[in-house]
Amino acid sequence: MNQPKAVILLSGGLDSATTAAIALASGYEAIALSLFYGQRHHKEIEAAQKIVQVLGIKEHYSLEVNLSQWGGSALTDQSIEVPKAGLNPHLIPITYVPGRNTVFIAIALSLAEAKGAQAIYLGINAIDYSGYPDCRPEYLEAFQKLANLSSKIGVEGKTIQLIAPLVKDSKVDIVRRAVRLGVPIADTWSCYQGEDEPCGLCDSCRIRDRALIEAGYPELATEIGRKLSH
């Protein structure tokens, strides 16, 4: 029997790297897909390349989809300052990139169908996240219906399953799963900024640092994150 294939949306961050390791542990032949969308830096793409090597993923596609041409987010528009953590959790932050996950999953669906993959693995998380609307379970359910209706394989009665194994995990749970699966956490990149070292102050850094410290791995957190935890 042929080994099943899965496309992994690999950003280079902790969640997507852990998701890739889960797909491999589930018996899939992984096809990694990394997308540069015009964000402030290439750190994530560089991290994705390291993760692919460490996890032994043989097929890796990197594409550019430059959403910075129209901006609309602090991550794609240099004129908008990246906010520090601690914003109103009930508001969608300016770091939300309009339509990003919809664009990403659509491209992953194209790749999956072309490669005969049975699944698309996503590092989406709806617990410890920044309030993005395209990280919710109901969003994934809606996109699954779209995938079934818009693909040749779907019309033929089969499906390319969207799998988000971390969607209901806390960030602490994700850290612990990453450690168990041998994910190179130190090689992942979550910071919104593109400096030599993570800033430790943006929302993404703060969520990550708190989880690393709570899970018992403070040495993997930023120095700022360790100081703020006291």
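A Cβ is built for glycine as well, from the same backbone N, Cα and C atoms used for every other residue.
Listed in Swiss-Prot for this protein:
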- LEU10, SER11, GLY12, GLY13, LEU14, ASP15, SER16, ALA17, THR18, THR19, ALA20: ATP binding site (BINDING)
- CYS191, CYS199, CYS202, CYS205: Zn(2+) binding site (BINDING)
Check the binding-site residues LEU10, CYS191, CYS199, CYS202, CYS205 for other C-beta atoms within 10 angstroms of each C-beta and report the one with the most. LEU10
Just jot down the residues in the same chain as ALA20 (ATP binding site), at least 6 apart in sequence, with C-beta under 8 A of its C-beta; none if empty. ILE8, LEU10, ALA30, ALA32, ILE51, LEU55, ILE57, TYR121
Work out how many Å separate CYS202 (Zn(2+) binding site) and GLY12 (ATP binding site) at their Cα atoms, rounded off. 17
Relative to the mean position of the Cβ atoms of CYS191, CYS199, CYS202, CYS205, the recorded Zn(2+) site, which additional same-chain residues have Cβ within 8 Å? VAL82, SER190, TYR192, GLN193, PRO198, GLY200, LEU201, ASP203, SER204, ARG206, THR222
In whole Å, how far does the CA atom of SER16 (ATP binding site) lie from that of CYS199 (Zn(2+) binding site)? 20
Between GLY12 (ATP binding site) and CYS205 (Zn(2+) binding site), what C-alpha distance do you get in Å? 14
Please list, in sequence order, the residues in the chain of THR18 (ATP binding site) that are at least six apart in sequence and whose C-beta is under 8 Å away from its C-beta. GLY123, LEU166, ILE174, ARG177, ALA178, LEU181, VAL183
To the nearest whole angstrom, what is the C-alpha distance linking LEU14 (ATP binding site) and CYS205 (Zn(2+) binding site)? 11
Within 8 Å of the centroid of the Cβ atoms of LEU10, SER11, GLY12, GLY13, LEU14, ASP15, SER16, ALA17, THR18, THR19, ALA20, which other residues of that chain place their own Cβ, given that this set defines the recorded ATP site? ALA48, ILE51, GLY123, THR188
Taking DSSP three-state, what's LEU14 (ATP binding site) in: helix, strand or coil? helix
